[in-house]
Amino acid sequence: MNPLLIAEGLHKSYGPTTALAGADLVLHAGEILSIMGPSGSGKSTLLHCAAGLTSPDSGHITYDGRLLTEMSDVERSALRRREFGFVFQFGQLVPELTALENVALPLRLDGIRKRAAERRATGLLDRLGLAGKARSRPGELSGGQQQRVAVARALIAEPKVLFADEPTGALDSVSGEQVMEMLTRSARQSGAAVVLVTHDARIAAYADRGIVVRDGRSLDRARAR
Amino acid sequence: MTRVLTEMLLGMRLAFAGGRRGRTRTALSTGGVALGTAVLLLSASVPVMLDTRQARIEAFGPFTGGVDVPAGDTLLVGVVESSWHGSDLRGLLMWPETERAPVPPGIPAFPPDGRMYVSPALREALAAPGSDRLRAQMPYEIAGTIGDAGLAGPQELAYYAGNRTLPDRIGEGAYRLERFGAYRVSEDDDTATYVMLGLMVATLLLPVAIFIGASLRFGGDARDRRLAAIRLVGGDNRATLRIAVGESLVPTAAGLLAGTVTYLLVRAMIGRLSLFDVSVFTSDVRPMPVLAALSVAAVIILAAAMTLLGLRGVAIEPLGVVRRTVLWRGRLWWRLILPVLGLVLMYPAFTGGKAETMVTIGVIALLTGLIPLVPYLIPLVVGAVPGGPVSWQLASRQLRQNPVASTRAVTGIVVGVAGVIALNATFATVDVQRKVHDDPADADYSIIGSTDPSPAAMKRLNAAFERVDGVKATTTASYTLYDPATDTYQGFLFVGDCEALDGIADIGRCADGDAFVFGDTGRDVTVKDGPRVAVPAKARPAVLTGSTAQNVFAAVLFTPAAAPEGLSRAGLDFVTTSIRLTSGTPAEKSGDIRAAAISVDPFLQVTNLVSEADRYGAMKTALNIGSTIILLLMGLGLLLDVADRLHDRRRLLGVLAAIGATRATVLRSVMLQALVPVVAGLALAVATGIGLGVVLMRLSEVPVRIDPVAVFSPVAAGAALVLICTVAILLPAARRVTSTEQLQHE
Amino acid sequence: MTIATAFLALLESGPRHGYDLKQAYDQHFGVDRPLHYAQVYTTLAKLLRNGLVTVDGVEGDGGPDRKRYTVTEAGVTDVQRWLDEPEKPQQYLQSGLYAKVIGALLTGRSAAAVLDAQRDEHLDAMRELTRRKMDGDLADRLICDHALFHLDADLRWLEHTADHLDELAEQVRG
Ligand SMILES: Nc1ncnc2c1ncn2[C@@H]1O[C@H](COP(=O)(O)OP(=O)(O)OP(=O)(O)O)[C@@H](O)[C@H]1O
Ligand SMILES: [Mg+2]
């Protein structure tokens, strides 16, 4: 089977700081991949590069046979809208919109009518146990609920890849696991692959496979062996 | 296409979202735009208003341009100019010479003798209590009302009366008119007035534009964060731009609408207002189509520009908002273009040139150039004091980081105050000049006419005026002297009793039969259209005083007993009655004096010498009213701006409080952040204002003099405004912003 | 905890047949290791002998399956004593893992490789447990969590040790 996303030899520096020094990443369709490593090792940078949110200084990223590094902003935006979903640690919801509107946002941006978009969003919120909170604004939700809304928003467009950077970082272990279970379950149901950055082994254990990043270099043990 | 629409709609949705705060913000922006639009539309209506008003006035103007019209199907008219309670009162006496004589616009037929048509405002004034003295000025029965066509404005005081004595008064105030509107009087304003008007419009309109811009930027930081979140879920650069535009479209469109409604309301009420003795008909208030379109376009362009400017220097990336420049580094050169251009264009003011358009553009350019200059000043000022307590450190960092945001609300104040200073200083100087100019030797009133110059008639004239309490009247008759050899004007021959002559010249002791001489008269003088008069050998030298002395090179003064033979009405220049008040004020006596004058002869010209109308009086009033409104508007903007920034930074302030900053420290730092731009801005305003003031004084041809009160009262007003607004926001918010509970939100 | 104590605890809620006992045990205590019938009957025989249970009825042909067991006073006391006694925390001082690390360092082999291999192993185990946990009921989840927390602790130790390998190598060789 061909990998869905391949990142090879990524280098990225911020001034004097080297964030990535030749990191690789291979993601197959539908698989859940964890990225672990110590703080500051470059996990987030790797994820951002792989998702096309930042451009690496050198290296190639191929998504579905296309070079991500050579796409225009418009193409990459379209990719984010249709093929990628994102869940970050916090602060990714639009505070002015309700939970329902936040979830429906990617569909609306893709030109889907409000009613249809919100119907699908309602269904997804239901599945994530947030039926009663659809009309609440992010400020009125708990951290766990906000993360679940973020998960719903990331999954609404039925993306092929879900990028999650410390999605449970701000949560206690019970709500963290709730979020992770819903995330992995929904991802498997819709066949989305997941790239999961975490420093918590118990969260990483939700993945099928894991890589470790150290000093900007990734170790893929499964491939090394 | 639908994508674009969806995104715009989403942006509009965002303008309404965000709970109470979000809605307040949108409402404030809308209000700002509405206010600005209304002001712009009103300004756009001024040219049409003035034009139609002028056209109307010209159409009923009873002027011949000094030409003697031969008798025919002509109307005999006489203009009576007077005033009532500070407003001009226009009277037109008329008597047709044939049935086909022209009927003035606004009335259906000639009023019969002793009857008059009155304007609605005059009818009202006559019906009001205490109008006896007004009534006495017009001894006519009301026959009807003057229609709009015969009036300059709805609040104008005017009457058209029939007077059968006119045929006897031809040449003494009455004259023949072939048709109305035949001769158009065009007033040309002097350069100074023109430039001052330009400066005033800029002083009042620029802050409005700045206010509109600032109100569209309310909540800008929150918007940037919102757009970043949208980028993350797949909005591309253009989509975020469209969303931002959609968002700003709501207050813009709503504001344009509300502004138009406000404009229409003001327009509907305008007929009831009389500002600076000018009233306009509602139907005259229509925006000039080009200017109206320009106003609307200006608002829309401003909205778009503010949106784009807001996004400039800020990259909305999926991972958040990136300020491209960490440390703000404003470049100076382009900020200097406008001020330098302004100075260059103003140059003719110093060389005495009359390039008013150029100077006006220069003045406006200099004033506009202040806008980008203010933010540039901030880092300089802040950099001058590197050390200092923690509160200063916090404030100065924030100011350096984003001077544009910190000065957004202050710029309007700076521009407004600079303009007001310039105009105020000029008015103050002109004012002083005017008071000095008036001669203390002059009487309080001067009444000029062509009545009987015989000594007996002059006595009767005095008696007629002295029937008014507290009035001392003296009368002289003046005849024009000319030099037959060169056929040029030479001076005057005055006839009057000792008291009267004493009023116009220093004559020393005097008895009836005395004569006096002033200047180089020669042995004899020639009266125009009159006899040759020998200057008596016993004539004593005298010196003319007061305004009588102006432009008179030679004069002979006779007491009645010494008056030469052969003087007739033909050579008469004027019969002038000087009135001095022995009790009471001009305001109290004017009505009675005018009434007395009209009872003697409706064509007597009554001039009030002590408080001659101020040349810039109307502009001063307009400036005072306008600048008050503008400063209040700016205060409101500042209030909202401080509140907005406080809200945006409340998390940071909460963190500061959490790590142990005292409330006083936090408050001081916020205070400093608000005050430093104001102090810097006002300093700039004072410098510019004084500079512009000097230019205006040069143009007004008055000695350059800077009145500290005129300069510092707007500064004090601006500073007080800022202080009050900042304190008004900070005190109630103090507890809230320094509460560590803010950390929990978002 | 022994199988005998577990049986006593199960019988305290009511008499049961031997077959029921095995089922209940497997459900609550067995998790990974279901009981053999042989174990069930030898345990029950031992309990009978010690007077901790009695047979309160025989049905049908009287085979081992057909006996119904009840707990005695002595049996209940036994359960109480078991619960009263806290479990002794394990000291974890004799860690095979630590031994391997020292071994690698002493012999000049790569201790990091040892740790990495172990981490993979642990993570594999954790993934397996997480999968089971997501499919299981509450009892399963709690059991899996117990194991996951322990493995997580081990992993943290592995990371921690990896961070200090250089220092440790110096001490061992020095
Ligand atoms: N925008 C940035 N500017 C400067 N340096 C950065 C930036 N982003 C990351 N870095 C640096 O790059 C390195 C890797 O950062 P990265 O965020 O990828 O680490 P991480 O593995 O995600 O850490 P953590 O587990 O703490 O989130 C760090 O040393 C960090 O300081
Ligand atoms: Mg990170």
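The backbone N, Cα and C atoms fix where each Cβ goes, and this holds for glycine too.
As recorded in TrEMBL:
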type     : residues  : note
DOMAIN   : B:200-307 : domain 'ABC3 transporter permease C-terminal'
DOMAIN   : B:625-737 : domain 'ABC3 transporter permease C-terminal'
TRANSMEM : B:194-216 : transmembrane segment
TRANSMEM : B:248-270 : transmembrane segment
TRANSMEM : B:290-311 : transmembrane segment
TRANSMEM : B:332-350 : transmembrane segment
TRANSMEM : B:362-388 : transmembrane segment
TRANSMEM : B:409-430 : transmembrane segment
TRANSMEM : B:621-640 : transmembrane segment
TRANSMEM : B:678-697 : transmembrane segment
TRANSMEM : B:709-731 : transmembrane segment
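Highest Cβ pair count under 8 Å relative to the transmembrane segment (B:621-640), across stretches B:248-270, B:290-311, B:362-388, B:409-430, B:678-697: B:409-430. The recorded stretches the transmembrane segment (B:709-731) and the transmembrane segment (B:362-388) do not share 3+ CB pairs below 8 A when only pairs 6 or more apart in sequence are counted, and are therefore not in contact. Across the domain 'ABC3 transporter permease C-terminal' (B:625-737), DSSP assigns 101 helix, 0 strand, 12 coil.
For the domain 'ABC3 transporter permease C-terminal' (B:200-307), residue counts in helix, strand and coil come to 88 helix, 2 strand, 18 coil, using DSSP. This prediction places the mean pLDDT of the domain 'ABC3 transporter permease C-terminal' (B:625-737) at 77.
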